[in-house]
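Visitor: The structure is given below, and queries will be raised subsequently.
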């Protein structure tokens, strides 16, 4: 490609880069740490197999297993019984909605590029910065670690309470010591369980995945057993009798018959229940007052789906710790209740209220990050994380909501509020509903907690490793810790005043909400609406208000912060300097350039509209002000939001150079220049117009700024929406991705919204065009760009023997220098090519690459003509064509030829945008 060969070192051909781009080797700042080991490792680095986990195994199952964990099997029935069906439904809906919204937000980031190892931490830190990422990442690491501890404790509780109670090492001799004994047992067995799980995780993730499948199968079977049991209750409810004394529920551990006395051989004898409430087994023994006043009754703990118990369980039953679990039936109260806590009643172990239950239930839905934490092991993280996470949340939400209804419709309320199943002989409450046996649920819940614990122990270290690799938290690194202490230089008085002001504001807000929170919200809403109305439609008053001072202070602070570090690739957007030309009346020549600016920027980012007047500022001060007002009026008419800057200079070239160098302030400087093509440059008597144009190209290149040149700008759309069509991108040399970013930004505006993007690239002699197309499609997929792809095979642009006859000029030793250095217009080129193709032509056919360097303009014109033919053939009907803009020649003697090349390259096209990159990457495939 003769037009671009002078810049091949800085702007290589796209065909040579596509494979690297598609395979993520163009690592950006902050990503290399996750994908490569330190350079010091060198040859020690081993080849790592590419991750192969898909959506189902890598994301869906881990999330499902973490969400369907300990809370479902151990606490869900108690939550339903305590809060009631309606409030439980609200709790589940609220928590699941929260996680669904979180997953949707996470999906927006995950699908915005490749997600390396680090998962949620990586996405947060790369979106909000290292400070937010480190803070949230470490908190999430701690939360995941504590969740693992919760699952392990749930495992031990199931083991010692429902599977093998006899395995307890510490046993309570009195009822008051039961809690301490259970905690001690959990410490011992929990440590052993944690050690075993850590060994499994240490061996490898693949073994965790294999075990996870087994554990999840148990969970699924358990849930199916619950639903099967619910269906069975319609025809044959299970027999789980519950013993009531009056309206109080009894712990059914130490007696086998729910009666005070029984008749054996015509003799009335007392039962074991009598011995629990009386001082002896004798019929005349002294008994508890409430026991003496009330009868014992037996009810079914699982009355079934058609029993109508759902109406009793609709509302909540909150209470303090020690409150007895009672059924709404008549009873005779005792005069003294001080001895009730020593009796075998089922009672609340903690004080219950709505927000407590929300806090207890919420950890069950926080397992949504289990899949994202494994991003480094996923084959396609940006696809798997959103799909797997959202599907897992939807699945578990349906399960939890249905369980709320099912539990409330099938199980007696006093059993639901019995947290440990004491009223049903120590059975797991949810297990009493299952079919064919409660043991299905017990075993399933045990393995569920084991699996969820393994998932937490797998995800948490990976998260911490990702944070440590970034080096943003010093104490996580192996090197010696260094702490630097600094003190702010603010005035003590200023700090005190600010502190008092903040304290006063906080106190006022607190009093508002204490008095009436809803009236406070209404007052704040009204005040906000009035503020926005006055801001938008009110009269302009310049009172020097404090808000403006705060705005100036905030702007100054933001500008200083922007100076601290160069912009990251993900934050790069075209901050435009629009160079306008004015006519003799100081009116804007090309107002459509401002329209295009509005469509490209959509009011976001920085836009500086500049122009240059020839002369001195002393003589043209009034003209400069008129020109500024004219430009501002044009900006208002075209709805262009930005700043205006008019410079008076002795000549146009120096004026545009000053704008390119000095426009903007601090970190708020332009990085791109937009200008119009010098129309009718051939007919102009003053060659300085197009020479200034070329010098501006050189200036932007030297300043490492992108350049956009709009040709036929007066035909660009104004405010009318374009019909369906295409924006065609001809990506020939790598410009950092600017050619792809620009049409994407245009598509966000209503004018271009219906236009589809098409990307064309050129295959060279040795390129595999099929593989190039696949690589380009993969690259676009990672960028989340929707575009059609076409690879044009144009080897003749480089090696065309049919037109190589121009090499005959080398054999003519009498050729004059003027002949060689003449201006190569398209007409001259075509005439010369035809002449050399005549039968009697005596010149020989040679390779274009054998031409002498001073004949490179022949090859450049040949490239321009051939490329233009293909572009016109493919893109003549496009609404806009974007082309790589070749750089100007190093020697100014070839400037006119350069203008001819560009003219020929864009001939026959309606709207053209020539683009030169600024020498940096402007897009990244990493989220």
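Every residue, even glycine, has its Cβ placed from backbone N, Cα and C.
Automatic, uncurated: that is what TrEMBL annotation is.
A quick note: this is a predicted structure, and the numbers were derived from the prediction, not measured.
What TrEMBL records for this protein is below:
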- 57-77: transmembrane segment (TRANSMEM)
- 59-234: domain 'Amino acid permease/ SLC12A' (DOMAIN)
- 89-115: transmembrane segment (TRANSMEM)
- 135-165: transmembrane segment (TRANSMEM)
- 186-205: transmembrane segment (TRANSMEM)
- 211-230: transmembrane segment (TRANSMEM)
- 348-475: domain 'Amino acid permease/ SLC12A' (DOMAIN)
- 350-370: transmembrane segment (TRANSMEM)
- 390-416: transmembrane segment (TRANSMEM)
- 428-454: transmembrane segment (TRANSMEM)
- 490-510: transmembrane segment (TRANSMEM)
- 591-709: domain 'SLC12A transporter C-terminal' (DOMAIN)
- 719-927: domain 'SLC12A transporter C-terminal' (DOMAIN)
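In the displayed structure, how are the listed features positioned relative to their neighbours?
Guide: If one looks beyond the transmembrane segment (350-370) by at least 6 residues along the same chain, the residues whose Cβ comes under 8 Å of a Cβ in the stretch are 59, 62-63, 65-67, 69-72, 75-76, 79, 82-83, 87-88, 91-92, 94-96, 98-99, 102-103, 119-120, 140, 143-144, 147, 150, 316, 318-321, 389, 392-393, 396, 400, 452, 455-456, 459.
Sequence-remote contacts of a segment are chain residues at least 6 beyond its ends whose Cβ falls under 8 Å from one of its Cβ atoms, and for the transmembrane segment (390-416) they are 59-60, 63-64, 67-68, 72, 76-78, 80-82, 84-85, 88-89, 92-93, 96, 99-100, 103-104, 107, 223, 226-227, 230, 233, 240, 242, 244, 249, 299-305, 307, 309-310, 312-314, 317, 325-327, 346, 364-365, 368, 371, 423-424, 429-430, 432-433.
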Visitor: Should the transmembrane segment (135-165) and the transmembrane segment (428-454) be scored as in contact, given a threshold of at least 3 Cβ pairs under 8 Å and pairs 6 or more apart?
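Guide: By the criterion, they touch.
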Visitor: Could you pull out which residues elsewhere in the chain have a CB under 8 Å from any CB of the transmembrane segment (186-205), counting only those six or more residues past its ends?
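Guide: Residues packing against the transmembrane segment (186-205) from afar: 149, 152-153, 155-157, 159-160, 169-170, 211, 374, 377, 450, 453-454, 457-458, 461.
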Visitor: Near the transmembrane segment (57-77), which same-chain residues lie under 8 Å Cβ to Cβ, leaving out any that are not at least 6 residues past its ends?
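Guide: Sequence-remote neighbours of the transmembrane segment (57-77) are 147, 150-151, 153-155, 157-158, 209, 212-213, 215-216, 219, 222-223, 360-361, 363-368, 370-372, 374, 377-379, 384-385, 387-389, 391-393, 395-396, 399-400, 403-404, 407, 411, 415-416, 419, 428-430, 441, 444-445, 448-449, 451-452, 455-456, 458-459.
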Visitor: Any residues 6+ beyond the ends of the transmembrane segment (428-454) with a Cβ under 8 Å from its own?
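Guide: 65-66, 68-70, 72-74, 76-78, 147-148, 151-152, 154-155, 158-159, 162-163, 193, 197, 200-201, 208, 211-212, 214-216, 218-219, 221-223, 225-226, 228-230, 232-233, 238, 240, 301-302, 367, 406-407, 410-411, 415-416, 418-419, 421.
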Visitor: Looking only at the domain 'Amino acid permease/ SLC12A' (348-475), what is the mean pLDDT?
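Guide: Average per-residue pLDDT within the domain 'Amino acid permease/ SLC12A' (348-475): 84.
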Visitor: Sort the residues of the domain 'SLC12A transporter C-terminal' (591-709) into helix, strand and coil with DSSP and give the three counts.
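Guide: Grouping H, G, I as helix and E, B as strand yields 54 helix, 26 strand, 39 coil.
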